[in-house]
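Pulled from TrEMBL:
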{"type": "DOMAIN", "residues": "33-57", "note": "domain 'EGF-like'"}
{"type": "DISULFID", "residues": "47-56", "note": "disulfide bond"}
């Protein structure tokens, strides 16, 4: 194929495929994600390990902040890196065994 054919082929291709705006993604909202999520095309988020939701707004520990201690039934638990970790022994004498 000669050079002029390739040039015409590329021009013809541009006429049939509409411009999607993807190349202008630098103009889109780069702050669409929370909690360290990566904004993709100004509308989608790739969330870090311990977050979920459209904007990475949900912690996998729920409303419990990282490092906070809470009572869950008879167990003392702590949210660490998005996972609720509970102590292996209950902290209250009047709790039944096996409740968690």
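The backbone N, Cα and C atoms fix where each Cβ goes, and this holds for glycine too.
Per-residue pLDDT, averaged across the domain 'EGF-like' (33-57), gives 88. Helix, strand and coil counts under DSSP for the domain 'EGF-like' (33-57) come to 0 helix, 8 strand, 17 coil.
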